[in-house]
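One structure is given below, encoded as structure tokens.
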Amino acid sequence: MAIMHIRTRFAPSPTGFIHLGNLRSALYPWAFARHNKGDFILRIEDTDLERSSQEAVDVIIEGMAWLGMDIDEGPIYQMQRIDRYRAVIKEMVEAGLAYPCYMSEDELNKLRDQQMANKEKPRYNGLWRPEPGKDLPPIPEGVLPVIRFKNPIGGSVIWNDAVKGQIEISNDELDDLVIARPDGTPTYNFCVVVDDLDMKITHVIRGDDHVNNTPRQINIMKALGGSPPVYAHLPTVLNDLGEKMSKRNGAMSVRDYQKAGYLPDAILNYLARLGWSHGDAEVFTKEQFVDWFELDSLGRSPAQHNPEKLLWLNHQYIQNADAAKLAEACKPFAHQLGIDTENGPNFIQVVGLLKDRANTLIEIAEGAKLFYATAPNLTKDQITENISEAIVPALKDLIEALKNADGTKESYSAAFKQVLAQHQIKMPALAMPVRYALFATTQTPAIDAVLVVLGKEEAINRLSKVVV
């Protein structure tokens, strides 16, 4: 028996805004394709001309590339396939699978109003549906028809959803779907079916807001002689207030997270856990995620966005990152703050010093400003307030001890220990005034590590100014 070659797709509408919930809908089909050594296709559903733009498509592609979600085929644009859709519609009409409907919008609205008044489900009544022995109304002059699909009468549509289990929808609940508008433009549900058939999609992994579209798509697919793919409908992603995540509800875009100093691997790790799990694993690599990913590990309950958890994850990734790679990622943020990373202390060393405390790349850049700023020009009042006369002798001895240091963290630590023992004082009593003398602040990483980055000569020069 031949092994199925897995083909999945992500098919967004290019509206110019892509949030974490959107990206999760891309991540799972991407991971499933990669896990099974299959193909991942990017399809752009851009038939809504008023809302679609190339700039919006670029936002999607950039967001996926930033997270490392590579594509095998695409982007494929639906608007470039219009001729294909029209050809299939023509074939369906000729085969009796679809038909022109001349019911006007006004007539349709009146029908719906009447049905609702009778407490019936609003639906098309099949007026123009051709049946053996049925007389159709006369075709009105000057009216362009829509094309409707002849939905099966009786029976049910049944599919075994990989997330939700077996779902059954009666055909009596479905009316004859419009598959082409009066101007010939094909509609969403029809285009999706033709695309999935042409692209040989084996697994459709998407949000559960598409569940109601699925029976219609299955019926059209079967009418065209195709076999439905495996469907996996993902529960909704809720924002931190329990509402559906959307731009309207204040969701941040992917670009917002980039600008806020989040690492792509942290975002990907976080997205993976929004509806999927592998035991108790919280922090894992992209490679581990792909290796572990299975559809039967997807959750059935809505996932809720937790900004604090995302920030915690970002901290974990920053803390464990290689300092050189992290420095490259930090440079744009440092440059925005006016830091010249090529002049002054070694930027990789600075980042290595700051990364254990930082939650974002912005925090690292903010911390780095200390090391690239000119020496603080402290006033007499500032010195008096922050550096007591009693500690000055210890500071003078520290300057002498530092002159013998060899620039290593260990040698600086030894210099401090020597002075602490000599003056019978505790580390905070000496470290706090040293920090203030060096940077005009008492909040810095470990002082011996700070001295490695700042450099012995610069440290001695700054300390000398406060003990004159």
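For all residues, glycine too, the Cβ spot is worked out from N, Cα and C.
Predicted, not measured: the structure shown is a model, and the values here were computed from it.
In Swiss-Prot this protein carries:
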type    : residues : note
BINDING : Lys247   : ATP binding site
MOTIF   : 12-22    : motif ''HIGH' region'
MOTIF   : 244-248  : motif ''KMSKS' region'
Checklist entry - For the motif ''HIGH' region' (12-22), what are the DSSP-based totals of helix, strand and coil residues? => result 3 helix, 1 strand, 7 coil
Checklist entry - Which residues, given as numbers and ranges, are at least 6 beyond the ends of the motif ''HIGH' region' (12-22) yet have a Cβ under 8 Å from it? => result 44-46, 48, 51-57, 59-60, 63, 207, 236-237, 245-247, 251-254, 257, 267, 270-271, 274, 305
Item to check | Intrachain neighbours beyond the motif ''KMSKS' region' (244-248), with Cβ under 8 angstroms and 6 or more residues off its ends | outcome: 17, 19-21, 236-238, 305
Checklist outcome for this item: DSSP composition of the motif ''KMSKS' region' (244-248), residue counts helix/strand/coil, works out to 0 helix, 1 strand, 4 coil
Next on the checklist: For a quick check of packing: other C-beta atoms within 10 Å of the C-beta of Lys247 (ATP binding site), how many?
Outcome noted: 14
